[in-house]
Amino acid sequence: MPPSAAADSACSPPDGGWGWAVVFGAFISIGFSYAFPKSLTIYFKEIQEYFCISYSDIAWLSSVMLASMYAGGPVSSVFVNRYGSRPVVMAGGLMVSVAMVMASFGTTIMHLYLCVGVLGGLGLAFNLQPSLTIIGSYFHARRPLANGLAMTGSPVVLFTLAPLNQFLFDSLGWRGSFLVLGAIVLNCCVAGALMRPQQGIDEYSAAFLLSIFALVDMFVRPATGLVGNARRVRPRIQYLFSFSVAYNGACHLLCPLASGYAGLALYAVFFGLAFGMLSALLFEVLMDLVGAPRFSTAVGLVTVIECGPVLLGPPLSGALVDIFGEYKYMYYACGVFMLVPGIFFFVMHYYNYKKLDEERRQSAAVVMRTSEEAA
């Protein structure tokens, strides 16, 4: 049998060595997973004018892509547990590449929904979850540092793709840019090649990749026709996580008050800081909650829960802009939605640790009473 995520985690994590190469691969893979959908928004204005659609219609493109990425979490979990992280990430990079190339020949917005949204989103799901899972099999004591370094891939890749996409857009238009992006995203296959299992060799990697080829072929044919341990979590990390959620919401609420480029730049700095803390801590907290053996399945469940809000969020934001003709109401709504869960985390953490202290005192009293009776 090929090594599964659980089997990898059964080994003692080396906390270094080849693990740093794995972190670099995860850096690239996670970076594309989070940054790629955001970077495509540069082309939305031209696509909107090309197909003569509304703000909410074009917002569905990133919405479907992100929803497919999160909804594909359980499928990715099954493949990771069966085949390991390496072939799944390589297959994901291939799927996103094929999706972008197909989308460059699209003739309606529905074609982009299917290619970029569904197929590309599933490819990103195959990039995200295996990268998060394999880090836990290589690191234990240094896992927060390794996760943090891997999650920095998102801002670095976004920082790189933003000017690159602008250059491609000015030079080639959105169709030519999609072709180039289809080639660039193949770097995820190289990143996946670095993610070798801790022990043994994945004998079924080739078979898995062939099955992905078949899946892509099944999707391409009709598309071508259209186109032509929960309470023992470290309290400091959880409180910092809840703070980052609330802080993120506060940034959105204050954004409409920013005036001029300097105000927007200041907002971008604070929002980036909040989003960075949230992204870095989310999966570290989850790993502490469920442990390494069940982490792959837990990530799949979390991403499914995220799927609904991610699917509905962008169209609702676009609808607010269409209705009111201003962006400030969209920022107000985003701020409220982020601030409420942050406050909820703060309150629940207080009661959680208060209850833990009471249980410790009761346990200590029972031990003392037992020792007195024995004496």
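Placement of Cβ uses the backbone N, Cα and C atoms for every residue, glycine included.
According to TrEMBL, the feature domain 'Major facilitator superfamily (MFS) profile' maps to 19-375.
Cβ atoms under 8 Å from those of the transmembrane segment (18-37) belong to residues 62, 65-66, 69, 89, 92-93, 96, 120-121, 124-125, 127-128, 130-132, 134-135, 138-139, 146, 149-158, 161, 185, 187-188, 190-196, 279 of the same chain, restricted to positions at least 6 beyond its ends. According to TrEMBL, the transmembrane segment annotation covers 18-37 (among others).
Here the transmembrane segment (58-80) has long-range neighbours at 4-5, 33, 37-38, 40-41, 44, 47-48, 87-88, 92, 109, 112-113, 116-122, 124-126, 128-130, 133, 208, 296-297, 299-304, 306-308, 310-315, 317-318, meaning same-chain residues at least 6 beyond its ends whose C-beta is under 8 angstroms from one of its own. Residues annotated as transmembrane segment in TrEMBL: 58-80 (among others).
The transmembrane segment annotation in TrEMBL covers 86-105 (among others).
Remote same-chain residues near the transmembrane segment (112-139) are listed as 5, 8-9, 11, 13-15, 17-19, 22-23, 25-26, 29-30, 32-34, 36-37, 40, 47, 60-61, 63-73, 75-77, 79-80, 84-86, 88-89, 91-100, 102-103, 106, 145-147, 150, 188, 191-192, 195, 197-198, 216, 219, 223, 226-227, 283, 287, 292, 295-296, 299-300, 303 (criterion: CB distance under 8 Å, separation of at least six residues from the stretch ends). Taken from TrEMBL, the feature transmembrane segment applies to 112-139 (among others).
Residues or ranges marked as transmembrane segment by TrEMBL: 145-164 (among others).
TrEMBL lists 176-195 (among others) with the feature transmembrane segment.
Under the heading transmembrane segment, TrEMBL lists 207-227 (among others).
Annotated transmembrane segment per TrEMBL: 239-259 (among others), in sequence order.
For 265-286 (among others), the entry in TrEMBL reads transmembrane segment.
Taken from TrEMBL, the feature transmembrane segment applies to 298-317 (among others).
Look at TrEMBL and you will find 329-351 (among others) tagged as transmembrane segment.
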Range from 145-164, 176-195, 265-286, 298-317, 329-351 with the greatest count of C-beta pairs under 8 A to the transmembrane segment (86-105): 176-195
Take the transmembrane segment (298-317) and find every residue of the same chain, 6 or more past its ends, with a Cβ under 8 Å from one of its Cβ atoms. 56, 59-60, 62-64, 66-67, 69-77, 125, 128-129, 132-133, 283, 286, 289-290, 330, 333-334
Contacting positions for the transmembrane segment (145-164) when only residues 6+ beyond its ends and CB under 8 Å are counted: 19, 23, 26-36, 38-39, 42, 131-132, 135, 138-139, 272, 276, 279-280, 283-284, 287
